[in-house]
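What follows is a short report on a single structure.
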């Protein structure tokens, strides 16, 4: 049969599968309601192709050349052109050695970038393949879950809540669907689709469940045709903007240095043309951090792979830097903070109908549950039966209403053995109570039981029933009868409390966002040690009543430990308000209605087993359950970010150091350094610095982000110091006999070739050693670097020392200085290295604002969304609050003598901030009352409460 069908036969010009009756669709596609066979599906797959959009085939060679097309590479390419075009005078041939060296350096950097990005891309593709959209398809007469890519016209598929429609299809018999087509049509509200209507690939099912027949796949779908007509736009991310800013700073620094050299060398000093060009080449070659794009890209690629090994797949690479800066995490309760393994305590079941016992309440709730594709609630209830088959024993299912976030209940219409029609429903107790229109004493009793369950951390599930005398699934039936309440217990994960404590210590405030009752949220928060300062979702409305103590909504959201009774639209509002308060927000989600909040959040996190819609909207997809995966990802992200920040400070420092140092030597002593030797320094530096992507680092104990002020200021200070150290060294070697007198080495006065050798080695050693200073938060000799970085450093400096000792290259104007001078240079470098750490501390201390507190209160270097500079004020406030409420002061995070280091200082501040977060509950009106009650031993039941309950 498959051989008799082709795309030409079913093209819209020949037949409009979107408009013709559904029965004719089956005829045109030569299929039936029994679905296709596996063999027929494979044959049609050969004819119609895979159900996915065409992927652009990227030219590998052009991609390789693309790594040479950026501002930093342009400067190096300009230097290469200068070496053979402008450096052609004074009776000397073009500088072919520098041209070849620069070209090799460019090719090496591009090759490394190309290989690493290609490997990272392949790894990401393999990981994302595991997350490829799947669909329920009827093949060989059996329903099964398959990858959406295998769908062909004629397949029968099942679409349910949370699914992304995998292909264009026509709906068969069933209840209407609510379909979100905003990604395709721009419609803001979901469209209602009935039997016979078409649904488009890429739209999202918001409500309902139905079967459909596929009419178009891949590039032939509505979405595929639209995507084929437009090219995707590449938005410039924050990371790229930072990269550009640092690159521009380095280029401007080099430009200023070259301009000063040109003005002084030619009009004032009347230097030879070729000598001047050589000096300009020194600044160009040595000052450009040509390896920066490569190092940062490789670091992120390797980091992304490590995150995936921990169970967090990054869909967007720059989400790593945002994860490092996250300071608020809004977490789901069910499945993330808890196990999502519900149990029903039969002894606590409450029965409301006179002719019903507890077993019958369980049976009714099991009938209103799915027997396949079950969620956690359905599984727990059906498993209460002796045999799960009892859920459908003796009845004929007529219609099943699946759960949806709006109605928050399921229902089944069925026929019993006597031919009578019945309907039963289970769901959120508030919805079932409203459905049954309970009043008076019955309603009061139901709420008392719900509250009693909630106080013990138990969720409630309402069960109701009705008769359907009209024997029609669409009829309203008799009034609903409230049958009973079931208690559900979802135990917290064993590691949740410890994970939340770790998050607080890392400066990440965890807020519980749950759809359960407020009392359940509070009880769970109490068990997890995350605080009970929680509010109902109604408090998110812009009205200041007694429930919030008149606190503005945005401040309430910031200070709350969580919110209960939350709907998806509330999640979006919570994220928006927190972002307005300058927080970097992470949001977890799993359902289709979580997608807006996941997109709005700085870091959208799709939890394990999330729907396709949630995964599509997220930045990070978890492959393991629980909050610990997220906290581990935060630590890893901060480590990755720390490596990138360490390198950028190093790159800026080296630019300033090369430009200022060699400019002063060239202008003060009219000494012409060899461009080729600067090229050797650059090559050895780049080879060493590549290993920083796998360096050992201590993640920041607080949320971190790009602080350009700190990067530029630290780079300028360290670079200027190293430049002055080089100038002093050159003065001592060129104009004095200091080294000869103190160390017994021969004088180098008038020996320019040997001066180039000693100057080369001095610049090489301290330039590469700088990475140990920028990579550490405390003393560089305290924080052990990675073995790979150490090996690379010593190998590079061994090569540099051998060159300085033995090299006799006339084209580079260098002659070996001997082992004596090499020993002197190493001693000088070690002595002048020590102040680098001190300068680093002074710069950070100055930028932190502590040195200026008398002039500007709490000036900080933090330029992220959140004002972390208020740490000291909050610490003082926290101490005062503890004293007021009779609490002991918090213990210090570190009790050793190394409190001088910035690491321990910042870690201590992080601990204080965590303490502040816990004390916020005491600071609120509600928290204050609870605190006084606990302190004075009052009976809270006898108090007149005027705060959120």
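Cβ coordinates come from backbone N, Cα and C, glycine included.
The topological domain 'Cytoplasmic' feature in Swiss-Prot is assigned to 1-64 (among others); the stated evidence is sequence analysis.
Among the features that Swiss-Prot reports, transmembrane segment is placed at 65-84 (among others), with the record citing sequence analysis.
What Swiss-Prot lists as topological domain 'Extracellular' is 85-96 (among others).
The transmembrane segment annotation in Swiss-Prot covers 97-117 (among others) and rests on sequence analysis.
Summarising the annotation, Swiss-Prot assigns topological domain 'Cytoplasmic' to 118-246 (among others).
Under the heading transmembrane segment, Swiss-Prot lists 247-267 (among others), citing sequence analysis as support.
Under DSSP, the residues of the topological domain 'Extracellular' (268-276) split into helix, strand and coil as follows: 5 helix, 0 strand, 4 coil. Under the heading topological domain 'Extracellular', Swiss-Prot lists 268-276 (among others).
Look at Swiss-Prot and you will find 277-294 (among others) tagged as transmembrane segment, backed by sequence analysis. Beyond the transmembrane segment (277-294), the same-chain residues lying 6 or more positions past its ends with a Cβ under 8 Å from any Cβ of the stretch are 67, 70, 72-73, 75-76, 78-79, 82-83, 86-87, 89, 95, 98, 102, 105-106, 109-110, 112-113, 116, 243, 246-247, 250-251, 253-254, 257-258, 261-262, 265, 647-648, 651-652, 654-655, 658-659, 662-663, 666, 672-675, 678-679, 681-682, 685-686, 689-690.
The topological domain 'Cytoplasmic' annotation in Swiss-Prot covers 295-645 (among others).
The annotation Mg(2+) binding site is assigned in Swiss-Prot to 590, 594. Long-range C-beta contacts of residue 594 (Mg(2+) binding site), restricted to its own chain and to partners at least six residues apart, with a cutoff below 8 Å, comprise 568, 571, 587, 614, 617.
Annotated transmembrane segment per Swiss-Prot: 646-667 (among others), in sequence order, evidence recorded as sequence analysis.
Distant neighbours of the topological domain 'Extracellular' (668-672): 269, 271, 275, 278-279, 727, 730, 734, 752, 755, 813; these residues of the same chain sit at least 6 beyond its ends, with a Cβ under 8 Å from one of its Cβ atoms. Residues annotated as topological domain 'Extracellular' in Swiss-Prot: 668-672 (among others).
The annotation transmembrane segment is assigned in Swiss-Prot to 673-695 (among others).
Here the topological domain 'Cytoplasmic' (696-711) has a mean pLDDT of 88 out of 100. Per Swiss-Prot, the feature topological domain 'Cytoplasmic' maps to 696-711 (among others); the stated evidence is sequence analysis.
Under the heading transmembrane segment, Swiss-Prot lists 712-732 (among others).
Feature annotation from Swiss-Prot assigns topological domain 'Extracellular' to 733-753 (among others). Residue counts of the topological domain 'Extracellular' (733-753) by helix, strand and coil are 11 helix, 0 strand, 10 coil (DSSP-based).
In the topological domain 'Cytoplasmic' (696-711), helix, strand and coil residues by DSSP number 4 helix, 0 strand, 12 coil. Sequence-distant contacts of the topological domain 'Extracellular' (733-753) (same chain, at least 6 residues past either end, Cβ-Cβ under 8 Å): 669, 671, 759, 813-815, 817-818, 820-821, 823-824, 827. Spatially, the transmembrane segment (673-695) is adjacent to the transmembrane segment (787-807); three or more Cβ-Cβ distances between them are under 8 Å for residues at least 6 apart in sequence. Tertiary proximity for the transmembrane segment (787-807) is limited to same-chain residues at least six positions away from its ends with a CB under 8 Å from its CB atoms, namely 680-681, 684-685, 687-688, 690-692, 694-695, 757-758, 760-761, 764-765, 768-769, 771-772, 775, 814-819, 821-822, 825-826. Broken down by DSSP into helix, strand and coil, the topological domain 'Cytoplasmic' (775-786) contains 0 helix, 0 strand, 12 coil. Of the candidate ranges 97-117, 646-667, 712-732, 754-774, 816-836, 97-117 contributes the most Cβ pairs within a distance under 8 Å of the transmembrane segment (65-84). As a summary of secondary structure, the topological domain 'Extracellular' (808-815) carries 0 helix, 4 strand, 4 coil according to DSSP.
For the transmembrane segment (712-732), the neighbouring stretch richest in Cβ pairs under 8 Å, chosen from 97-117, 247-267, 646-667, 754-774, 816-836, is 646-667. Where the transmembrane segment (646-667) meets the stretches 97-117, 247-267, 754-774, 816-836, the count of C-beta pairs under 8 angstroms peaks at 247-267. Around the Cβ of residue 590 (Mg(2+) binding site), the same chain contributes 332, 335, 606, 607, 609, 610, 611, 614, each under 8 angstroms and 6 or more positions distant in sequence.
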